[in-house]
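**Q** Summarising the annotation, TrEMBL assigns compositional bias 'Basic and acidic residues' to 310-321. What TrEMBL lists as domain 'RCC1-like' is 20-405. For 301-324, the entry in TrEMBL reads region 'Disordered'. Annotation source TrEMBL lists repeat 'RCC1' at 18-69, 70-121, 122-173, 174-232, 233-285, 286-358, 358-409.
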Amino acid sequence: MVPPSSATMAVARRDATPALLAWGANSYGQLGLGHKNDVHLPVKSFLFNQSCIKNITGGGGHSAVVTETGEIFFCGQNKDGQLGLGHTEDVTNFTLCSSLCGCPVIQVACGWDFTVILAGNGQIFSCGSNSFGQLGILDISGRCTIPAMIKSLQDKVINIAAGLRHAVAVTENGSVFQWGIGMASQAKRMCQEKNIPSFLRAKEPCKVPGLENVKVRSVASGSHHVVSLTDNGDLYVWGNNKHKQLLSKDSVVLEPQKIEAHYFEGEKIRRIWSGWTHLVVQSETEKVFTWGRGDYGQLGRSEMPCEGQNQERKGSTEHHLKQPSYAPATVSRLSGASEVSENYIACGSEHNLAIVGNQCFSWGWNEHGMCGNETEENVCFPQPVEPLSSSELLLIGCGAGHSLAFCFLPSLDITL
């Protein structure tokens, strides 16, 4: 059965109020609350009375929302023009990007200090810092404050992702293009004797080699790595492997490398997500696997101690430190993650959100309260975000250190 779209659900829930909730780090106003103070519990950020949201995400210090009608709203850090609003002042309330009106947007990806935007016609735009070539436009130096089209990539694009200072795009024919030299800078430091491939050094879209015999349908990016998912349910990865998130013996993987299915109990993969240094995937039978860096609890494995937890629990799990966190393992609490939308799991830099049974779960790094449990203690396994328990969840999204959720609030909860 095809799940209903958020627009359909909006019509069906006239007794509730659609709202965007936000919590976590807010130093630049990225929560859209009109101020710059961190928030440890979900707070109503914006009401959408006319159109519903189809994509929400965040970057280093900014947030982006795409509506069903193709409008895009931004807030947060803007020193490099990453909000695409024509200026470089921080914005503390979600603001419409008027320069893209008339060009319906279907997806947005936020890097550390830049933004990549996918339009419905398959064209891509970018704005923000171009100090590492992350905008993919050679004739822009410094920064760009209004979204500019990346004209050098003429193939129709269907999916995009952004790392710290690089971006990737999947075309309709299943090819992958990459630009921005952030990954190359890391690679040079870690493998000085090896030649860095041209696609890692490109400042405009460059086709990623080694994927000619497969058709990629989606990509996700960490701070300095990329994971791609083919139409056959296989994973190909490349980039920095410091935390063994690429399941390779090499410290840097310089070309796409397949991750064998035995890591996932022989199952094919259907969805992929990535934090800065950890990976999350869902298999064909809805099992959720995590691996990579785990010292903040971002892998969601209750048996693994994480930094910042209480000493009693840390001592009781000391013997598990010898277990390799880079080996993919299932997170049982996340089995059957909802398919109300494609965004039923979201990764920040080192924290995560998931929708399971219409309940929002959070886990991982919690220094700024982005796990929504009113504390700043790291969360080592998925726990419910209790303030959202009475809401009907539709979408979730994360920035580096903040969280976002789009839901229907019961009439009694509209002052949340």
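Cβ coordinates are placed from backbone N, Cα and C, and glycine is handled just like the others.
TrEMBL annotations: computationally assigned, not manually curated.
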**Q** Within the repeat 'RCC1' (174-232), count helix residues (DSSP H, G, I), strand residues (E, B) and coil residues, in that order.
**A** 12 helix, 18 strand, 29 coil
**Q** Using DSSP, how many residues in the repeat 'RCC1' (70-121) fall into helix, strand and coil?
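**A** When I sort the residues of the repeat 'RCC1' (70-121) into the three classes, I find 3 helix, 23 strand, 26 coil.
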**Q** Determine how many residues of the repeat 'RCC1' (358-409) DSSP places in helix, in strand and in coil.
**A** 3 helix, 27 strand, 22 coil
**Q** What is the number of residues in the repeat 'RCC1' (233-285) that are helix, strand and coil, as DSSP sees it?
**A** 4 helix, 26 strand, 23 coil
